[in-house]
Structures are given as C-alpha cells and as structure tokens.
Amino acid sequence: MEYSLFCHHLYALSVSPVKKKLGLLFVMLLLWVYMLYSCVGYCATMPPSLVVDNNNNNRAKETDFLGKYAEAESGRPDLMMSKLLSRPQSSWTEIESDYDEPAVRRAPRDFSKDEADRAEDWDDGRRVSSLSSFSNGSGSKKLPQAIIIGVKKGGTRALLEFLRVHPDIRAVGAEPHFFDRNYDNGMDWYRDLMPKTLEGQITMEKTPSYFVTREAPARIYAMSRDTKLIVVVRDPVTRAISDYTQTLSKKPDIPTFESLTFKNRTTGLIDTSWSAIQIGIYAKHLDNWLQFFPMSQILFVSGERLISDPAGELGRVQDFLGLKRIITDKHFYFNQTKGFPCLKKAEGSSKPHCLGKTKGRTHPNIHPEVVQRLRDFYRPFNMKFYQMTGHNFGWD
Ligand SMILES: Nc1ncnc2c1ncn2[C@@H]1O[C@H](COP(=O)(O)OS(=O)(=O)O)[C@@H](OP(=O)(O)O)[C@H]1O
C-alpha cells in the first residue's frame, strides 16, 4: 500500500514540470545542508592556533610562533602536522624543553644543557608546571615585576621553588627564555605565560641565561625600568664543574673537563670561549646590567648560603621584594640523604619536598692542579665583583 503511494507520487512528479522543479530544489537544499554540516564539523576539529583571526593580535602571534615550530620540523612534515594538531594549551614548555641552552650566545664551544631537566626538578617526578600550581581563576596576568636572571647552576631553581611558598608570589615554573630566545614572540606572548595574580601579588619568572645575554638588560629595561633583578651567584669554579656535570650527564662522550678548560694545557692558558668558564666572569656580565639598572635594583643571593642557611637568604629576598618575611626557618628541614635543605611543605602540597635528582648531582673529580689554575684565573674577577656588589662571597 505504502509502496504504491510512493510510486504514485513519483509518477506525479515526473509528469508535472512545476513539481519537477520543486523536487529539484528540495534535493539541492538537502545537498547544501549536508555540505554546511560537514564544514562545521571540520572547522570544529581544527586547533584554535590554526584559525587566523586578523582582529586578534594574540592569535596572529600564536600562529607566528607555530610557524617557527613548523620550520624547525620542516624535514618531517608528518611530525610537524601531528605536533601542530596535538599541541596542548601550554605547548611552549614542551618547545622549550627541546631547546639547547646557549649559555653564552654564539660561544663556539658551548656544550648545551638539556632543559628536560625541568621535568625532573622535583624528587617525585612532578613536572614543573608552566603555571603556578595554585590558580583560583581570579586576578589577571601581569608582566613580571621581579626576575631571577641568573646564574646558571647557581641554585636558581631552589630559590624560585622556595619563593613560591610565599602567598604574595606567583611564578612561572618553567623558564620562559623570553629576553634571550623568544623575544620576537612579543610581550603579549610573554604575559600570557604568567600565572594570574591578585592585587599586591608579585609575578616572577626565572631564566638563568639572561645574566649572560647581551641584549637582556635593555629589553628588560624597555619592559619596565622598575623590574627587580635577582642573581644567585656561586663560586665560579664549582659552578663551571656543575655546568660540565650537567652536560656530561646528557652527553657522556664529551671531552674531559680538564681538556675543555685549557686552550693550551702546557702554557695553562684558559679557554674563555667555553661557556662553562665564561659564565663565571660575573664582574664582566654585571657591567652590562649596570648600564641600565642601578645596583640597588639588583639583589645578589649567595648560592652557598642558600644551601647552608636558606631561611637567611630567603629573608633578604623577601625584604628586597618588599614582602612580609613569611618564609622562615620553619619551612625548611635538612634532608640527610639528599644533602640539601628541602621544603617541609611545597607550594600546593602538604608533603615534604626536595628538588629532584638533576639538582645536587655528584661532580666528577677534577685534578687539583686544574682547580687551582681556575681559582687563580677567577680571583681578579671575583675581587672586582666583590667591589662592585659591596659583598665578599668568600670564594677565595
Ligand atoms: N635545596 C637545594 N636542593 C638541590 N640543589 C640545590 C639546593 N640549593 C641549591 N642547590 C644547587 O642548585 C644547583 C642547580 O642550580 P640551578 O637550579 O640554578 O640550575 S639550572 O641553571 O636551573 O640548571 C645544584 O647544583 P649541583 O649540585 O651541581 O647539581 C645545587 O648545588
């Protein structure tokens, strides 16, 4: 019965020209609806960064950023596409961890540092998140008012993690490397990395390579001439060995520390083009910063005292930042196994926390003669540095 009715309608359509046209229109409409539906479905699966919105600067910049990423993967279009499409919201941390760190820019013998260390900064393998782990969604993202600018292997991670305990400090976990490597991404990109802060809270970040980056002082000054700068310094000889130890852990085939130290072992000429050596000439790098910032705006934290008396150094830092001394002795305990002070409670946790295995590595034994030669090399620079800062760090 139904079948015959259908046949009847079909017949009627085929005979009447008006009905024929109406039928055709109906089919076209169905086709349009189908195409529209498919398109909406496709667009919804695209990552936001691939949708260029000319009215939105941030979006355009993000697309630029992805462009750079794409270039880096140009040899592997398949990889590039899968990375683009699976890019998580805070992908900059992953991109950063692919970076090698040119600690002194363009230094010809700069054995790089693997930033994947960041993932192991805590002893329980907790990944250092790109944002402060405390985020209540309120407040707004601001450019940092204080930055830990150096030095590499000085104890910068320990300082930042200790500072994060303070309720008036919010900090980015990973190193943004904005003023050295990512400057072209623009201030909006940089601000966007920051955690949200409420009125009165201080936004911070740490990137130890800034201290040895020629352009960094002018760039930070251009962001804000009031930025407070913190430098964790450590005996340059131990610092160099620590730097080398880190590289060795990633690249076991590199030459010995001794052979990298000298241009000529017989004459005892030190190779200052090796970044591990050059970073420790603190007076020279500081000079660069003093062209832009007054000494009163730079705080030097002793890397040694940060280990022997963390609460004391943290007291100085809190004063410098104009904060109430909330982080005190009560926050620390000395972990005998680790051999370092640890937090009784880390930020956003009720459990004790030490830094991970990439912090506090066992250093290789360096020939005492080489160590002595390095001490002699650094002495005049250290003296100059003590004079400039008005503080004897006791490295000699
Ligand atoms: N509390 C605590 N726990 C663990 N480690 C501590 C701590 N305080 C300072 N340090 C020293 O920090 C050194 C690493 O320095 P950085 O964090 O600045 O390194 S990095 O530049 O970010 O890679 C690291 O250097 P190495 O000992 O050579 O590994 C430590 O000596």
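Even glycines carry a Cβ here, placed using N, Cα and C.
What TrEMBL says about this one:
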- K153: active site, for sulfotransferase activity (ACT_SITE)
- K153, G154, G155, T156, R157, R234, S242, K359, G360, R361, T362, H363: 3'-phosphoadenylyl sulfate binding site (BINDING)
- 102-116: compositional bias 'Basic and acidic residues' (COMPBIAS)
- 129-141: compositional bias 'Low complexity' (COMPBIAS)
- C342-C354: disulfide bond (DISULFID)
- 144-379: domain 'Sulfotransferase' (DOMAIN)
- 93-141: region 'Disordered' (REGION)
- 21-37: transmembrane segment (TRANSMEM)
Seminar exercise, completed: Here the 10 Å Cβ neighbour count for G155 (3'-phosphoadenylyl sulfate binding site) comes out at 28
Exercise. Looking at the recorded positions K153, C342, C354, which ones sit with their CA no more than 10 Å from the CA of S242 (3'-phosphoadenylyl sulfate binding site)?
Worked result: K153
Seminar exercise, completed: Looking at the binding-site residues S242, T362, the one with the fewest other Cβ atoms inside 10 Å is T362
For this session: By CA-CA distance, flag whichever of K153, C342, C354 among the recorded positions is nearest to T362 (3'-phosphoadenylyl sulfate binding site).
Result: K153
For this session: Give me the mean pLDDT over the domain 'Sulfotransferase' (144-379), rounded to a whole number.
Result: 97
For this session: With the Cβ under 6 Å from ligand 1 as the test, give me the qualifying entries from the recorded positions K153, G155, R157, S242, G360, T362.
Result: K153, G155, R157, S242, G360
Problem set entry | Spatial separation of C354 (disulfide bond) from R157 (3'-phosphoadenylyl sulfate binding site) - C-alpha basis, Å | 11
Exercise. Can you count the other CB atoms that lie within 10 A of the CB of the residue listed as 'active site, for sulfotransferase activity'?
Worked result: 27
For this session: Consider each pair of residues in K153, G154, G155, T156, R157, R234, S242, K359, G360, R361, T362, H363, all listed by the record as binding 3'-phosphoadenylyl sulfate, and report the largest Cα separation in Å as a whole number.
Result: 18
Problem set entry | Spatial separation of C354 (disulfide bond) from the residue listed as 'active site, for sulfotransferase activity' - C-alpha basis, Å | 16
Exercise. According to DSSP, does C342 (disulfide bond) fall in a helix, a strand, or coil?
Worked result: strand
Exercise. How many Å lie between the Cα of C354 (disulfide bond) and the Cα of G155 (3'-phosphoadenylyl sulfate binding site)?
Worked result: 13
For this session: Please work out the number of neighbouring Cβ atoms within 10 Å of the Cβ of C354 (disulfide bond), leaving out its own Cβ.
Result: 22
Exercise. Can you tell me how far the Cα of G155 (3'-phosphoadenylyl sulfate binding site) sits from the Cα of C342 (disulfide bond), in Å?
Worked result: 13
Exercise. What Cα-Cα separation, expressed in whole Å, is found between G360 (3'-phosphoadenylyl sulfate binding site) and C342 (disulfide bond)?
Worked result: 12
